[in-house]
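Colleague: Got a structure for you, questions after.
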């Protein structure tokens, strides 16, 4: 049957049609009939969904009709391929099986029938002559196991009578070892398809497999389900077990005797602990038992007409615990029932209330705030704050963030991240966050900060194309002339009050003086405009409109007129036009009041001077507005689509390398197994004591001693060497003989060492070389996978990935995690810094999370206090310390590796949020710590570095300026990307000349340089320039 959500499709019942002339609609494939056309259409829509599964083949994603067609074709194939002789025995074996998984059932049946054959089956037999003959099993005899004299049991076996093909007068009698069948006929796949075709199972736990009725009728299989396998029996059994578990009763099914009374089942007596006594527990129990028996014999049962007779009881293992009547013994019948009850029953003791069942074990991870606080748990490391208005007194930084408010930290990080992620589209060199903050704070009318100017000019150029490119506007802007047009149209309507004769035909009756007077009064009321003309309109609080009177900001931007206050007045015009949108009115008006004040002339020089003196928070606000517009441009969207396409290609390559690595690992496993087999024959023997060599050494040592003595006598003599015969040649001969002996000894030792090592076979040597090659190939695959992972990380630019959240819903960011290289662009002018941001930033919870999880209602806080002994705010204060964040507008950061390790140890992996955050921090811990160390070195350079790096980081773009570069690091940044691609800076006018050669940047100090796939193999040429040469894994 066709499956839908792994359940057979149930057909609609046939409707009752009283009139034969009623119009009906029929689905031929299922035979369903509908009298309502809407129901017919709905059913057809249901059948056409690609959510059905073919039960025979297991193919999914099919429509009902496709799955039905596949089932019919598969059933026909199975019917033809499966041996007819095996169908009946297999179906009888499968009937009423309770194995839930069909894979396990197929394995069980296959193993059982693989070596078993049945009459009528085509087989191949091995006869005594060695021939392999085909035939049909005529009969089968099964012999059971046999008990041997030594107590062992022989295995059962079978004998098969096979009628041979092409030999009608001959038969072969073979055993299990000399008969086989074709492997292609009986396989697990064919068996699985046959079982799916002929067997069904209901959808409840413990349901048996049942052969379909039409199939069972063909093979004479009983379809009556045993009572213990029916749903009612299983349900009653489950309820009984649940009741026993609930009441705390143990299962006494395996114990001898009955614990059931005459009426309802009675519980066992629960004995109270005995009072303290000097006697042992065993003595007390024996005494109580003897006392109870003595009382029962002294008081015979009433209403007993016969004298009491003792009837021996059957030996109950649990006799002393028996409460109900035991089975009657002897011919007396039930007349002695009272006697037995009085003799051997105990009065039920006062029972204690049953102990409640233990709570189920907690399955972690669970919700973070539902995890119990740890005993003596560490506090979260103290956060540091970049702003002046911190949530608490602690965490303030000295000197950093001067003048920056907490509300500006989020936009500041957003601007830095946007400009660095899309630096290739903007044609900007990447820059560190600390340089960016310093540039935003830099204020001077004499010296321009290239980083500050280039970021603004590059961002503005994204909004409008140049004149050479058509001057197209790439963002949606509000119409600045909309209000003036409305005022002009309203003035024209009031200036020409032409009377309209429309109200006159309205009265159907006769016109009177009173009606005419009313009409004149209404006409007078409709002319309130003249008295309102003298009232002056509210004066604008700025002169931004006057700054745009001569040349509009769009025209100035098309000409790329950025010099001498040009880009500042462009921003003024842009803000003025954006202020027409009610959403941006307040923020734009605040900026325009500062940039175009009423008490200064509306000139570009005014805009330049005011921007130089502008507060850093307002600078951040203005740049944020421009960056938000950048995200809407077509260039950025095309870049994101390009990155998405590259990520798809990278994923495909990664999957291929993973497959290759898996195949290589399997080949390496087989080679290692072969190496283990060949290794014993190629192992060196165990070392043997060398007596001979020792003796020779002793002899040689004696000879050397003698030679040494002679040499000493000759050298140490005080006699005149010219007296008598000269011994120079004798000494030379002695030294030569000694040298020869040493050379021979070395050769001998070398030969002995080589003799000890057995010569490895060529097969083993070749095998070791193959293993080394496979290991190198696996290493190459892993390196390629690591490179592709890094490429995927850098190409993931649409959104900033959060590391995770903690138990108090603070968000943790490491901005280098995606969208950019870990240390910025490798060819940037400040690449020697070795980091991009270098901090982990922590953002407070948003309002919904804070109200739902932290500042809860009083009833919920009381419930939480009852459970953990404190409220959520109290726990937050205790576990976070004094540097807490209370809303999403508050930011803190961590800049030390030690604080990072403390944060990792503070996280509790039993919570759902913190287990994910802990995993991410552990994954990137080494890279984050390395960037933090680089940031410390960059912000606090040693004396040697500061002296050496000073001249190299001088900016010579403008005329000579004497600036202290050590005091302002941001002045060392240069936009080398624009110089290389455009031939000039963004703030300069375009010049008709060839692009200048890129200035030689100082080689970046990196720990590891690796070539990416885009560089090494020439792939993905149009994509990301950031796929540079520095990757760290």
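For all residues, glycine too, the Cβ spot is worked out from N, Cα and C.
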Colleague: Match it up for me: which of 373-427, 593-647, 648-702, 703-757 does TrEMBL list as region 'Disordered'?
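Modeller: The listed stretch tagged region 'Disordered' in TrEMBL is 703-757.
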Colleague: If you average the pLDDT over the domain 'WAC' (22-131), what number do you get?
Modeller: 86
Colleague: Just give the helix, strand and coil counts over the domain 'DDT' (406-469), going by DSSP.
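Modeller: For the domain 'DDT' (406-469), the helix, strand and coil counts are 44 helix, 1 strand, 19 coil.
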Colleague: Please list the DSSP helix, strand and coil residue counts for the domain 'WAC' (22-131).
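Modeller: So the domain 'WAC' (22-131) is made up of 52 helix, 14 strand, 44 coil.
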